[in-house]
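Over in Swiss-Prot, the protein carries these features:
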type	residues	note
BINDING	241, 242, 243, 267, 268, 289, 290, 291, 365, 366, 367, 368, 372, 375	4-CDP-2-C-methyl-D-erythritol 2-phosphate binding site
BINDING	241, 243, 275	divalent metal cation binding site
REGION	1-234	region '2-C-methyl-D-erythritol 4-phosphate cytidylyltransferase'
REGION	235-398	region '2-C-methyl-D-erythritol 2,4-cyclodiphosphate synthase'
SITE	19	site 'Transition state stabilizer'
SITE	26	site 'Transition state stabilizer'
SITE	156	site 'Positions MEP for the nucleophilic attack'
SITE	213	site 'Positions MEP for the nucleophilic attack'
SITE	267	site 'Transition state stabilizer'
SITE	366	site 'Transition state stabilizer'
C-alpha cells in the first residue's frame, strides 16, 4: 500500500431519519444554521488525505441535497438501497472505478467528525485493514430479558460504543459486501459487523465523545444549544445603497421585480435593498464591501441578479462557522409603495438566505418630499445585519 494511501470516503445519507421528528430526513435539518449533511460532508471534502468523497442519497431527496451542500466538492451522489447496508454497497460500487486503497464509511447523521478523527481512521486502516472508532462506556450496562428483567451485568471494561467513520482496505470491504449480498444477508447494522462476518479481524482506535449520532428530537435540541453557545462573537454591520431612476418599466427591490414607470441606472440589476443587505453582512464580517467583491468595472456583473450577491455574503458567514441572527432593511422612497410588497419581500429574502422569515424585517419610510428621494429621482435603502461567529474565527475564508 502506498504511503500515504489513496483514501476515499462514503457518506451514507439515504435514510429517512423519522425518529428525529420535524417531518423530514434528519440529515437535511439545520443545526445552528447549517444543514447536518453539510456539516458531515465538509471535513472529508477538505481533508488533505481524502481524494474522493462519494455521497449516497435517496433519489427523492436530490433537490434538497443539492441545496444543502452548495460549495462543497464531491463526486455525484448515487442512489441508496432499501437498507443502510445496501446504500453502503452502492457507494462502494460507485468507487470501484477509482480503486482507492482505503475507504472511510461515515453516517451523515454524525455531523461532528473532526479532521483528526479522519486522520486516525486512515492510519488505523493502513495498519490493520479494518478498524473502527470506539468510545468507552462510563455507565453500568444491564442485559435484560423479554420481560424487562435483568439477566446479567456485562463487564463494561470490555464494552465500547461504535462510531463512524469506519475504515477498511477498499478491496476487502467491497468483497465482504458483495459476499453478504450473494448470501442474502442484509441485516448488518454497521460495516464492521460485515467485516467480522467475513472473517476479518477488526481493530479499534480512539473515537471522539463529541462525534455523536443525531437520532431523536432531544439530540437536536441539546446540540443546537451547545453550538449556539459557542457562537459568542456577536457582531452587527450596516449597509446603505442608492440608485437613480432612468428609463424603464420596472425596478428590482428586495429580490422582487416591481412594475414602475421608471427603471434603475445601475451596473447590475440595481436592487438597492439586497445591495444594502450585502454590505451589512460583509461589514459585520469586517470583510470589505460589495464593491470590493463585485467591482462595477468587471463586465461579468453587468446586469447581474443581486440574489447572487446576497447568497455569496451568506456563504461567507457560513465559511467562518457562523450564522445570521437577524436581517433588517429599510426602503426610502415615495414610489413604488412598499407596504403592499412587504411580506413578499420578506419571503424572497428568506428564500435567498435560507433564514426563517421571522428573522427578516422589511420597513419603509419617505423623506417627506425632501432630497432626491422626495423628488422621486431614485431610491435609497439602509440595512443592518446581526451575525454570530465562533470566537477565534478572524481568518477569512478564501
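Positions of Cβ are set from backbone N, Cα and C atoms, glycine also.
What Swiss-Prot annotates, mapped onto the structure for a quick look.
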residue: 156; record: site 'Positions MEP for the nucleophilic attack'; Cβ within 10 Å: 13
residue: 241; record: 4-CDP-2-C-methyl-D-erythritol 2-phosphate binding site; Cβ within 10 Å: 23
residue: 243; record: 4-CDP-2-C-methyl-D-erythritol 2-phosphate binding site; Cβ within 10 Å: 22
residue: 267; record: site 'Transition state stabilizer'; Cβ within 10 Å: 18
residue: 268; record: 4-CDP-2-C-methyl-D-erythritol 2-phosphate binding site; Cβ within 10 Å: 21
residue: 275; record: divalent metal cation binding site; Cβ within 10 Å: 29
residue: 290; record: 4-CDP-2-C-methyl-D-erythritol 2-phosphate binding site; Cβ within 10 Å: 27
residue: 365; record: 4-CDP-2-C-methyl-D-erythritol 2-phosphate binding site; Cβ within 10 Å: 13
residue: 366; record: site 'Transition state stabilizer'; Cβ within 10 Å: 14
residue: 372; record: 4-CDP-2-C-methyl-D-erythritol 2-phosphate binding site; Cβ within 10 Å: 15
Between residue 290 (4-CDP-2-C-methyl-D-erythritol 2-phosphate binding site) and residue 156 (site 'Positions MEP for the nucleophilic attack'), find the distance joining the two CA atoms and give it rounded to the nearest Å.
58
Counting other Cβ atoms within 10 Å of each residue's Cβ, which of the recorded sites 26, 213 comes out lowest?
213
Cα-Cα, whole number of Å: residue 366 (site 'Transition state stabilizer') versus residue 372 (4-CDP-2-C-methyl-D-erythritol 2-phosphate binding site)?
11
Report the same-chain neighbours of residue 367 (4-CDP-2-C-methyl-D-erythritol 2-phosphate binding site): residues 6+ apart in sequence with Cβ closer than 8 Å to its Cβ, ordered by sequence.
332, 373, 374
Roughly where does the region '2-C-methyl-D-erythritol 2,4-cyclodiphosphate synthase' (235-398) sit in mean pLDDT, to the nearest integer?
91
Among 26, 241, 267, 365, 372, i.e. the recorded positions, the one with its Cα nearest that of residue 275 (divalent metal cation binding site) is 241
Could you give the Cα-Cα distance between residue 267 (site 'Transition state stabilizer') and residue 243 (4-CDP-2-C-methyl-D-erythritol 2-phosphate binding site), in whole Å?
10
Based on Cα distances to residue 243 (4-CDP-2-C-methyl-D-erythritol 2-phosphate binding site), point out the closest of the recorded sites 26, 156, 213.
26
Max CA to CA distance in Å over the 4-CDP-2-C-methyl-D-erythritol 2-phosphate-binding set 241, 242, 243, 267, 268, 289, 290, 291, 365, 366, 367, 368, 372, 375?
30
The rounded CA-CA distance in Å from residue 213 (site 'Positions MEP for the nucleophilic attack') to residue 268 (4-CDP-2-C-methyl-D-erythritol 2-phosphate binding site) is 45
Using DSSP and collapsing to three states, where does residue 275 (divalent metal cation binding site) fall: helix, strand or coil?
helix
Cα separation, residue 372 (4-CDP-2-C-methyl-D-erythritol 2-phosphate binding site) to residue 156 (site 'Positions MEP for the nucleophilic attack') (Å, whole number):
76
